[in-house]
Amino acid sequence: MRLPAGHIICAAIGFGLLGAAKGLDEGLIAITVNLPSFVHEYDLHASDLSAAAKANRLSNITSMVHLGSLPAAVLAFLFSDWIGPLWTMRQLCLLWIIGAVIVITSAGESGQLIAGRFIMGLGIGQAGIIGPIYLAEVAPTAWRGLLVGIYASSEYIGIVIGYFAGYGASLHLSNDSDRQWIIPQSCQIMLSGVLLLFSLGCVESPRYLCKTHRTDQAARALGRLRRLPSDSPSIMDELQVIQKQVAADKTNEGRWPLLEPWKLLFGQAANRSRLLFLISAQLLSQWSGTNAITTYAPKFFSLLGVTGTSEKLLKTAIFGAVKLAAALICAFFFIDQIGRKRSLMAGITLQLLALLYVAIYLTVTSSLGSDAHSEDVHRAAIAAIASIYVTGIGYAFGWNSVQYLINAEMLPSSVRTLGTSILMCIHYANRFALTKVLINQAVPTMMLADALQPKGTFWFFFVVAFLGFLWGMFLLPETSRKNLEETSEMIR
């Protein structure tokens, strides 16, 4: 196949790197809440607070982006139908910048910090809907997995930037200066500015242009994306398929076009089945544990015997780099070549083996007492640390590479934006539940007697990962090498 058009390259960077928004925040906040300057400025270790109160204060800060992402999913649906995916991407970047500025100017004011992170969530949360949909709609069929895979992989680019920015600040900036956490946080403004710049080289989605009765513009956009004349036979054939789907979608459109997607999504049995199928994927993905480990990696490493702030932050940064490498390898060499199903099964298998080892390790060492510091236990701890890295590799190769792709592929164009918005709303609600209720609330307190405890947490993750393995084995159809109009018919 010929080299991609410049507009595809701009899409791969501008929209593909939107995934870095969520990853950058996760990486930065995971490190930031462990930086002495931030801990002191926001009094996270106040002596007059109980362990539960400290955990609640911490979770209020870390989970607020996820909370802001819930209404963001609705905003993405409304804006994408009103102004199109391209301009929706631009306004979400502006919201992200505004929120980041509020955060870095909060100067010890917890209320301003939390408000800023909520506004950041309003921008970042839209990226999970707009990015995959736009990339799936503009990509040539043979490259769809790669382009959406770049979006999925870019989450780890953000995590790595966040981890290493925070780690570098911990080494080279004073623990007594707020610059130690403000400078890493400014990476959010720089990244969003770069994405805005590359959006200038993108074209609007041809499918959106067809839906808004701008067929000539859609043909020109397709021609620019495929590096072909807009009246060439292949462009006309592709446009005809899109128009046919759009016409079918509009057959039953009533007086209230904004309500029609809701009617089609929930009124048609096939669309309800697709939505429930994709919701199950979100639940199994989110509760398999790796996102929890990402957010609280330093604490998990401390459970396995890693001591010293710098050592924990370095291992956390390496954890992000390992996941990035796995996600890129899957996007470039596997997701389109061996398919979605095999990629997912390979990733979950790695997750299962690694989670099982860590769960067994924590179960055994929790009952050792004075023997917990023996040489054998030390060697087992090293293997457990390696297993944490393997869980990240498995998730990046499997669930993270597949979940955004199948959301865009399995919903017809008439309900794709609404369905993806609902799915990402569920995605963010689960992330909020994980971070506020189970993880941010449980991880800081799970060492307490009345909490889930480390061993129970990893056994829980193992069970969910096993259910995901069964789901992928028996329920997931293969959607590679099919156009979007075909893939949306594979779940009825």
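Positions of Cβ are set from backbone N, Cα and C atoms, glycine also.
Annotated features in TrEMBL:
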- 11-480: domain 'Major facilitator superfamily (MFS) profile' (DOMAIN)
- 1-23: signal peptide (SIGNAL)
- 61-80: transmembrane segment (TRANSMEM)
- 92-108: transmembrane segment (TRANSMEM)
- 114-136: transmembrane segment (TRANSMEM)
- 148-169: transmembrane segment (TRANSMEM)
- 181-203: transmembrane segment (TRANSMEM)
- 275-297: transmembrane segment (TRANSMEM)
- 317-335: transmembrane segment (TRANSMEM)
- 347-368: transmembrane segment (TRANSMEM)
- 380-398: transmembrane segment (TRANSMEM)
- 456-476: transmembrane segment (TRANSMEM)
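Of the recorded ranges 61-80, 92-108, 148-169, 275-297, 347-368, the transmembrane segment (181-203) has the largest number of C-beta contacts under 8 angstroms with 92-108. Within the chain carrying the transmembrane segment (61-80), a Cβ under 8 angstroms from the stretch's Cβ atoms is held by residues 25, 29, 33, 42, 87-88, 91-92, 99, 110, 113-114, 117-126, 128-130, 133, 208, 295, 417-418, 421-422, 424-425, 428-429, 431-432, 435-436, 440, all 6 or more beyond its ends. Scored by C-beta pairs under 8 angstroms, the transmembrane segment (92-108) has its highest count with 114-136, from the stretches 114-136, 148-169, 275-297, 347-368, 456-476. Cβ atoms under 8 Å from those of the transmembrane segment (148-169) belong to residues 12, 15-32, 34-35, 131-132, 135-136, 139, 179-181, 183-184, 187, 191, 294, 310, 313-314, 316-317, 319-321, 323-324, 327-328, 330-332, 335, 396, 400-401, 403-405, 408 of the same chain, restricted to positions at least 6 beyond its ends. Tallying C-beta pairs under 8 angstroms between the transmembrane segment (347-368) and each of 114-136, 275-297, 317-335, 380-398 places 380-398 first. Long-range contacts of the transmembrane segment (275-297) within the same chain: residues 26-27, 29-30, 62, 159, 265, 315-316, 319-320, 323, 348, 351, 355, 388, 391-392, 394-395, 399-400, 402-403, 406-407, 410-411, 419, 422-423, 426-427, 430-431, 434-435, 438-440, 443-444, 457-458, 460-461, 464-465, 467-468, 471, 475, 491, each at least 6 residues beyond the stretch ends and with a Cβ under 8 Å from a Cβ of the stretch.
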